[in-house]
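For reference, the structure discussed in these notes is given below.
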């Protein structure tokens, strides 16, 4: 069958009208069934070259990568492309059925700029396929017959079916071309099963940060009355976001904030309007790098398209921030997060419920422990409410039901006692010190343990400036006024302030500065 197909594809075109049209139509139909070309099946394989190969692969959240080395002039490579694309559609792109499992890429060795890269992997024929962890490709090479190399040559992938079978054997999976999105999915086990799973949530924290910024822009939510809460939240991210590239991207936005959203313009108009197309922040800034948002979730992926995702990622971000702030910042960070949810969370019920819980806090949070435990207890309160609603409506995620967290399996030392109330709900007496220790380890150390902190884009805000911001013990306590506020906030912002002064020295500001006060 394969031989007949190849003969058909490679046979010379007939020059007469109806025969030629019939041939071309049949050939296109076959290619379309394999997944090549046309608007129905756009390419999803990521093209790499010597300038971005290491960077893109080191930043990939996928567990494994496949790299195809080919030459654009090679007939066999052209014929193989639809087979490779068919497999890639399962793993790559916004419509992928199994995102985050395998990153499908290719390199054109016929391009001169890629000569050294192809030599690095000892390419001796086309197409040549390799398998391995993305980070190993970024830092490694392949030599024939070399033992203990984590990069392996795929020796049996000459059709889409054979390549997918090869991948299934490696992963112990049963992926199929008949799989539908969010159906028959080998969803990762619940985060109740393995502490180490949260390490991959770093990619979802990046995803939710980028999505939140896009939502703010798309809904034109930056107004004169919301400007200060957003600046304060960005300051919190600059200092304590677990992803270095998100810290850098946020700092870059802050430095340019007054130019992008001038206070005078916002004061005169109810909504932010882009002064010119060149100043559209969506075109100029990527808050967490060029590859983010990726369009899918990993740790926070639900078994259905409408579950988990953004809300899960946002909770992971809030927990992560809560364990990273210092004692002196804890109450200010609490106020900043409450104001951010109140002003920028577009789910009205969620926003209202969250702010009500914020309003019940009557005493300042003087320690990181108090703040982290408040976020934890608030999350459990939300879960309890949603458990009741999902039970009544039957719309919960069957594989990830809402639960009181952490489970006894994850943190047995967190439980002092457990009993059932008259109404059937569970009453848990917690060892709160053990809970706090668990939160610090889970959302602090473990969350970022497998993350390679790479900088995706170049900006005027250097690494040393970000390090200065991150090391600040009072990074959140800054006045409002965008970049100018950063300049006068505290001595720990000296590097960024110096950068700002250099950039803004010829500008005049008429607005006043007000320090952010604890409330």
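Backbone N, Cα and C atoms are what each Cβ position is placed from, and that goes for glycine too.
Annotation comment: TrEMBL describes 32-172 as domain 'Thioredoxin'.
Taken from TrEMBL, the feature domain 'ERV/ALR sulfhydryl oxidase' covers 303-400. As a whole-number mean, the pLDDT of the domain 'ERV/ALR sulfhydryl oxidase' (303-400) in this prediction is 89.
As annotated by TrEMBL, signal peptide applies to 1-16.
Among the features that TrEMBL reports, transmembrane segment is placed at 476-500.
For the domain 'ERV/ALR sulfhydryl oxidase' (303-400), the DSSP counts in helix, strand and coil order read 71 helix, 1 strand, 26 coil. In the domain 'Thioredoxin' (32-172), helix, strand and coil residues by DSSP number 53 helix, 24 strand, 64 coil.
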